[in-house]
Amino acid sequence: MHSRFQAALTTLAADLQAAIAPMLADPHFPALLEADQVATLQHATGLDEDALAFALLPLAAACARPDLSHFNVGAIARGVSGRWYFGGNMEFLGATMQQTVHAEQSAISHAWLRGETSLRAITVNYTPCGHCRQFMNELNSGLALRIHLPGREAHALEHYLPDAFGPKDLEIKTLLMDEQDHGFPVSGDALTQAAIQAANRCHAPYSHSPSGVALELKDGTIFSGSYAENAAFNPTLPPLQGALNLLSLNGYDYPAIQRAILAEKADAALIQWDATVATLKALGCHNIERVLLG
């Protein structure tokens, strides 16, 4: 079991502890629960889905990397597939606050990058900030997404984001988590291919500046992240953050990164290269390459 879960596990009820401990045994537990694992936990505890998600929030919050604030926020995104995806906030020392990943963004991008096609609900241990409410409005589940907070009744996103501005106001039809393929030819070694594939499935309807990042670890594991734009622009999630989020959720640390590749267009309206390099160097990675899409 990864050390991050040890303290959180002791806060859970005894029956839940006993049921989930075997699932956490792998130090690289992927921070997600398959539908059958959720059913197993429900059977062991007698909890319904909503109550179980609340009970598991300490484990999601344990996935956070708030290296600046030391304020752990945890989220659990529930996919239409039945899978549950953990998420936690991330802050990067030596970079800028603009590179931060919020817990809701973490759980949602986790689900998206794992191939989930839509979300039913998200459970969070603190009220979503305005940034996250806007980020969630980019999803294909839209304002109907159910938000569950401790001590409150569940409400749809529209309750937390009245008079919402979103992609439909800009006549965008393809939404975040819809299937997308930008059709760039995939070639090169495994890491290069992963970066191009990530760019191919990115969500960039506003700038038309597709990009993807792939990270290779010292043990050969590869994590990739896709760019996710937002109608309000600022809540956009860069591709590097998607990849770093998966890396961290899977129990790895930044020093494990040995090589990184960014795939983007040379003539794109928005360029990720400088911000990607600056953040990776702040995390100790200097072996960074750029592959041009075309």
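Using the three backbone atoms N, Cα and C, a Cβ is placed for every residue, glycine included.
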(request) According to Swiss-Prot, Cys129, Cys132 bind Zn(2+); so which of His102, His155, His159, His182 is the extra one listed there? (result) His102
(message) At a 10 Å cut-off from the C-beta of Cys132 (Zn(2+) binding site), count the other C-beta atoms across all protein chains.
(response) 24
(request) Look up Met90 (substrate binding site) in the DSSP assignment and reduce it to helix, strand or coil. (result) strand
(message) What is the set of residues, excluding Asn89, Met90, Glu91, whose C-beta falls within 8 angstroms of the centroid of the C-beta atoms at the substrate site?
(response) Ala64, Arg65, Pro66, Asp67, Leu68, Ser69, Gly88, Phe92, Thr100, Val101, His102, Ala103, Ser106
